[in-house]
Structure formats: C-alpha cells, structure tokens
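Asker: Here's the feature list from TrEMBL:
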- B:C89, B:C94, B:C130, B:C134: [2Fe-2S] cluster binding site (BINDING)
Amino acid sequence: MKIYVPLDSAAKALGADEVAEAIRAEAGRRGLAVDIVRNGSRGMVWLEPLVEVDRGSGREAYGPVSVADVGALLDGTLPSHGTVEDIPFFARQTRLTFQRCGLVDPLDLDDYRAHGGLAGLYRAAAMTGAAIVEEVTASGLRGRGGAGFPTGIKWKTVLDAKAEQKYIVCNADEGDSGTFADRMIMEGDPFSLIEGMAIAGLGVGATKGYVYLRSEYPDAIDVMRAAVRIARREGVLGPNVAGSGRAFDMEIRVGAGAYVCGEETSLLNSLEGKRGTVRAKPPLPALEGFLGRPTVVNNVISLATVPVIFEKGAQAYADFGLGRSRGTVTLQIAGNVKRGGLFETAFGMSLGEAVEEIAGGTASGRPVKAVQVGGPLGAYMPREAFDTPLSYEDFDAKGGLIGHAGLVVFDDTTDMLKMARFAMEFCAIESCGKCTPCRIGAVRGVETIDRIARGDGAAAALLTDLCETMRDGSLCALGGFTPFPVMSALTHFPEDFTTVKEAAE
Amino acid sequence: MHNAALDPYAKPAPTVETIESIVGEYLHLEGPLLPILHALQESFGHIPEAAIPVIAQMLNIGRTEVHGVVTFYHDFREAPAGRHVIKLCQAEACQAVGAEAIGARALAKLGVDWHGTTPDGAVTVEPVYCLGLCACGPAALVDGKVVGRVDATKIDAILTEANA
Ligand SMILES: Cc1cc2nc3c(=O)[nH]c(=O)nc-3n(C[C@H](O)[C@H](O)[C@H](O)COP(=O)(O)O)c2cc1C
Ligand code: SF4
Ligand code: FES
Ligand code: FES
C-alpha cells in the first residue's frame, strides 16, 4: 500500500507531518507494509492535508485528514473524494506547468522522468541556441513574475550579447501576498525549474544559474538544494548537460527579507552582496546584469513552464489562451475564500467565475466585497469588474494588472480605507529609498489617508495628486504601482472614505 | 534562535578566528556577502559587531558598505533575538481572514510591540509579509516551522509553549 502525504508547506502548516507520523506509527502497530511518499500539493489547500492511498487500483483521495482520522483511513472506512481527478476544482483545470506537482515524489528523478520530465531538455540538447530561443518565442510565453514581458525576446537579447560569461537568474522572491505558485512548484516539482533553467542556459549560452529564493520559504530552500544535488549527480547539471556537450550548473541563494528584492535589478544587487536598491534601466539586465554580464532574469513559473513547451511543442502551448496572453495562467486563490488554492487554466476565464464558481465565494459565507489581483501593487477589483477576463490586456484596460496571478478575496466587512492605508504603509516599509516619490510619498500617503479617516474632506484630492506623483515619478513599480490599490479602493469604494471615522490605528 | 546573554548554554562571544573561518568558507562564491551574513547569523543568532571589520577586510570592501548591507535587510539582526522567534503574517491575504486581531492578541499577551522581545528573553515577535500560505491564513512561522489557520486558540498555545 502506497500512501501520499504532501510535504508542501501549506499541508505542513495544517498538520501533514503529524498525519504522516501517525500513519507510520499506526501501520507499524498493525503490521501493515505501507510506503509513505511525501509528494507536493495538488493545490487544493482547503482539503489539506490531502492524503492519497493507493491500494493497488489507483490513488484515492481523502482530506482534510487529521491525526484522529488515521485509524479509519487505514481501515478503509474514511469517506473518500474518489480520485483527485474526480474533484471538480481539479477536473476543471488545464495543468501544463503543474502537470506533475503533487503527482510525483519531488526528489525522485526516475519518477520525474516517468512523468514526462527531461524530455524537453533532451530535445533542447539537440538544438542550437537560436532554435531554442525561437521555440520559446513561438510559444508566446510571457513572464509570469509580474510584467508579462515576452520571454523569447528577453532570451534573444542575451543570446545575441557577446560575453565570456552569461547567467540565468531565477527570481524566486515571490513576495506578493496571495501568491504561492513558485513555492508550490519548488517544493512539489523542483526538477521542472532546474530543467527550465538548464534549457535557458543552453539557449542563451549561459553556464551558470542562480535561484534567488526568499528566506521566508525554509521548506522550499531545503527541497531545491536537495534537488540540485541530485540533478548534479545524475548529469542533468554539470559539464555535459543531458549529453549536450555543453555545461550548466546552478546554486540556490537565500534572500534576506526585503520585498523590493523581487524587482529584478534590486535582486541582482542583492545577489552581488549589495544593498537591494533598484538600478536605473538602461542598461537592461539582459545586457548588463549579474556582475555586469548578460543575464536572463525570469520568474520561477516562467522557467518551470519551459520544459512542457519543449516536451509538447511551442504550438501545443500557444494553442491555449486568449489574444496575446498565450498558454495557461497559474491562478492562486487566497484570502477569505471557501476553496483556496492553485488553479491552472488557459488565460481568459473571467475573474467572477474564478472567485464565485471555482473558489465558491468567501469562507465567511458573506458577500465578496473586493478582490485584489496581482499582489500588493495590484488593484482592488469590485464585483462590477467580475466579468473581466483574466488576461494581461483586459486587466491593463481596467487599470489593474495580473501580476503573479494572485487573487485575494475580501468579504463585505472589509474597510477599504484601511486596505489603502496598508498599501501605502507597506510601500513605506519596503521602499529601497532610492527615489523621493516612493520613499517620502508613501509616508505622506499614510498621513493623508489618516486625515481622510478623521473626516478631512479635502484630503481625498491630495491623495489623488500624491498618487499621480508616485506613479509618474518613481523609478520602479513599488512606488509606481502602489497607487493602483490605493486609487482603486478610493474610486470603487468611495463610501469607505467619506464617513467620518476614528483615526485608523 | 538564541539569546546568548540569557541562555545558560550560550556560546562564548565569537572570536575573530571563528568569524574568519566562517567567512573564509564563502570567499569562493560570486557575491559572497549575503551567504556570509546568513551563516554568521545561523551560528551566533545575530551579526556580531566584531564581524563587520573582519568581513570588510576579507572581502576588500568598506566597513560602511558592510554595515549598510546588514541594516538594509529585515532578516539580519544586530542584537540577538529571544529564544523563540514568532513571525506572524500581516499581509493582505491573511488580513482578509483576521491576521490583525491575531497580531494584536499576541502583542497584548506578550506585552511587547512588533520586533520586541519579552524581558525574560523567551520570545521575539515579528510581522512578516507573506509566507506563501495565503490560502490557509492567518499564517505564522514559529522557529522556522509553518503554522496555518492561526486562531485565538492556536496563538495562545504557541505563546504558552514558547514561554515554557
Ligand atoms: C517591487 C517589485 C517586486 C517584484 N517582485 C517579484 C517577485 O517576487 N518575483 C518575480 O518573479 N518578479 C518580481 N518582480 C518583477 C521583476 O522585476 C521582473 O519583472 C521579473 O522577475 C522578470 O521575470 P519574468 O519575465 O519571468 O516575469 C517585482 C517587481 C517589482 C517592481
Ligand atoms: S520606486 Fe521605491 S522601491 Fe522603486 S526605486 Fe524608487 S524608492 Fe526604490
Ligand atoms: S529600506 Fe531603505 S528607505 Fe526603508
Ligand atoms: S498573505 Fe499571509 S501567508 Fe501570504
């Protein structure tokens, strides 16, 4: 009997380690031979710990499983969900990037191979750098870290740059509240990221890679470090990547708790051992990146999507999606939500469908008031915007952004003035300090919102001006986009800004 | 995490030789400073003052630069933390499910403000902005261990255990 208990940190946070231990102990008492596999998460966080039992005829899913359920689980009397693939939340997805996450043992390279892993890398190993870059361009893949920049174009710039040494840097800083796709893939299918980085290295002619991984993810750091050691031992990394005759190796580097270090130039400074201040662009990191050398900086999901593009072909990937948003988006549904988790789907689903149908509305059972899309720099979308299709262009047109595709749901008890204040406060705490509109503007923003809260009617106009100054005068999107959550709250929920209330605090 | 001053098993103040040997392990890296600082904090619970000139000299950079890096990042401590470090997520997705109230409860029970350490050196409490557990918030990291759906009962249990 094989029993799968996720090692994903969301599952652990809900008791997965204790459940795994209880299964081991109880099976021992009963003299049952059980093989416990610590897999990644299938992404249905409300069902975690989601335990799957394979008694020889497929994997049956149970969850949430508590320590008290373990006896019934082994008796076979615990009610099951059927297979994971039967659960509607899962059945409605198109899983490409996350095809293996939760299915395989994250640190078993044979298991990875048996589920389509390394097929892409072996294909790429037989291609020229230019052909690899062309394949990525043809897939239509755009950066999943926030800005949505076409990945193939970025790679082409690095490919064409002449230098002794080039780098692939993976941005695993995932600082946006409401996002956890990077964490899930690093914990649940780390080889897909390693494979994607190796393909990138072969493509642009880079022999060295770094993953800049936030310190808030201790479990992901452990899994990634172990996976890199295995990949090196098995020749996936090293002097002769997948028999290509070309070299690529990588290191895991740990961040130090600065949100701004998710911004690519700040990240590069941090990786070099400097303060994480933002660099002015140009020069582009693609030309003068890590240590001044040509560098691809890509998000975890962008890179972890590369293997499936090479496995199934660029066209197969591009066949999914809407307009210029090709392929799949890995939505992360979070906050006050009944069914939260990771939902991978072709671009184009409406925001309302994701929130109301897929996620089932709020956990509190109260009406949804707003959904913040795209992290702390993303807009608060009101119910009136629920028909907006999830695509880069449609969100842009609505004064928002998809960002890293986190959806944070709030119910009708939420005070939007407080959320706007938090956005300014967060910007003030995390500002790198390089430019005045951000460093000083965010502090003024908090003060101005406090004036509005005290009933100062004139302060709303001041806030609007201040947001314009921040938007137009900031060097990076921390100062430049903080106006999105602030102004969307003010515009869509004016009632929260008009009534006189006690000073927020 | 360790409070060297209050822990009877605390290690002696780090010598220059110890610091040098730790720093020396990372000199071959490209961009070694963050790995060095993490390693020092791992060993001593904070970045000892005495480490700054050693690092500056071994990396051939200015002391002010090293100090600037230490102070830029939220993770690096210039003084030891309490014996237990409780990080409570205060970011948006956790706020949507009541993280602020959990934070306020913890601060009130401990009698400290954010970043504070209880007078007996048992607990340091810090806000953190997202642990990637946003679909099972409010989230916490207790001595590096993840905890989800933190409610009043769970936070009380965490505090009781940490104070023990
Ligand atoms: C303040 C700020 C924080 C950011 N945080 C992240 C992050 O945590 N992860 C990420 O991949 N990109 C982040 N970005 C976007 C990066 O600057 C960059 O666009 C991205 O890493 C490029 O990779 P991609 O093209 O694969 O998306 C951030 C940007 C800003 C302005
Ligand atoms: S906008 Fe803020 S975070 Fe960005 S460069 Fe300016 S000061 Fe730094
Ligand atoms: S971190 Fe530099 S201004 Fe706050
Ligand atoms: S917002 Fe709290 S864990 Fe992400």
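Glycine residues also receive a Cβ, built from the backbone N, Cα and C atoms like all the rest.
In TrEMBL, annotation is done automatically, which means it is predicted and not curated.
Could you place the listed features in the three-dimensional structure?
Answerer: B:C134 ([2Fe-2S] cluster binding site) carries neither a helix nor a strand DSSP state and counts as coil. Taking a C-beta cut-off of under 8 angstroms and a sequence separation of 6 or more, B:C134 ([2Fe-2S] cluster binding site) has the following same-chain neighbours: B:A91, B:A93, B:C94.
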Asker: Fewest other C-beta atoms within 10 angstroms of its own C-beta: which of the binding-site residues B:C89, B:C94 fits that?
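Answerer: Each of the binding-site residues B:C89, B:C94 was scored by Cβ atoms within 10 Å; lowest is B:C89.
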Asker: Below 8 Å Cβ to Cβ and six or more residues apart, same chain only. Which residues does that give for B:C130 ([2Fe-2S] cluster binding site)?
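Answerer: The answer is B:C89, B:A91, B:A93, B:C94.
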